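Remarks on the structure that follows.
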Amino acid sequence: MILNESYTLSNGVGIPKLGLGTWFIDDDKAAQAVRDAVGIGYRNIDTAQAYGNERGVGEGVRAGGIARDELFVSSKLAAEIKNYDDAVAAIDESLVTLGLDHIDLMLIHSPQPWADFRGGDYAEGNRQAWKALEEAYQAGRLRAIGVSNFQRRDVENILSACTVAPQVNQLLVHAGNTPVELMAYCEEKGVLVEAYSPIAHGEILKNPDVRAMADQYSVTIPQLCIRYTLQLGTVSLPKTADPEHMRSNAEVDFVISEDDMATLRGMHARDYGENSAFPVYSGT
């Protein structure tokens with residue numbers, strides 16, 4: 001069962017292959033969502049400072065009835081933080097808000113602030129934020145560190161100055177948006193890719209080609225999409241607060257054929273109107 005499977009990061013830390021994404025889950029609902037997920041068997045919980053639900057996620061982790069060392073909790077440094085002092089303070093704040101003595105994985109949420117996404121040059125700011133992550137990692141407060149939404153040049157910037165290389169790059173990955181070259185580069189550098197929004201926030205449910213393929217495997221579209229990202233070798237992080245969806249999302253013990261994987265890899269994003277822009281689709 002996929003909930004019992006894990007990858008090993010470059011530093012030897014294990015990370016469950018399937019996790020619970022918590023984006024857009026309100027803070028007052030996050031604790032119950034995490035408790036439900038843990039009860040179903042999830043051991044990988046993903047949050048971020050920007051989600052505004054670290055308090056609820058931490059409460060759910062503490063109340064889940066599972067030993068802390070059996071859970072893998074990730075958070076992300078806010079995209080706007082591009083200097084060392086603010087990064088140090090923000091890491092401390094996440095630990096306090098979560099109510100945990102360590103975080104299993106902490107990422108820089110974006111190489112640019114959201115208001116300037118894919119815009120200006122924040123290379124120095126990212127190096128400063130990374131230094132803060134490295135120090136917290138070396139102090140044992142973070143078990144692994146990484147980045148999110150980083151393109152190759154952004155990863156190269158960190159690698160050029162780091163003492164600890166990124167172990168993870170969390171990216172938008174789904175059928176219709178598969179950054180094959182970037183994923184291959186990350187693999188070459190020993191950086192595990194996590195796939196957020198593997199179901200494209202549900203917009204992919206409207207795609208008749210994906211629906212037809214799911215029907216061939218007698219699975220749901222979300223199950224097909226999650227399985228696709230898993231077979232790409234990524235950690236899959238579907239978001240839901242619905243326990244039934246959590247269960248269904250974990251029922252992915254089938255194999256997509258090589259031909260169908262190639263079809264999904266080569267699929268282009270359709271026009272979903274107001275949902276076409278980042279972070280649902282990135283315009284491929």
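Note: Cβ is positioned from N, Cα and C throughout, glycine not excepted.
Annotated features in TrEMBL:
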type	residues	note
DOMAIN	17-266	domain 'NADP-dependent oxidoreductase'
ACT_SITE	Tyr51	active site, proton donor
SITE	Lys76	site 'Lowers pKa of active site Tyr'
BINDING	His109	substrate binding site
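Its Cβ placed at the centre, the residue listed as 'substrate binding site' has 23 other Cβ atoms within 10 Å.
Under DSSP, Lys76 (site 'Lowers pKa of active site Tyr') is assigned to a strand (E or B) in the three-state scheme. In the three-state DSSP reading, His109 (substrate binding site) counts as coil. Computed over the domain 'NADP-dependent oxidoreductase' (17-266), the whole-number mean pLDDT of the model equals 97.
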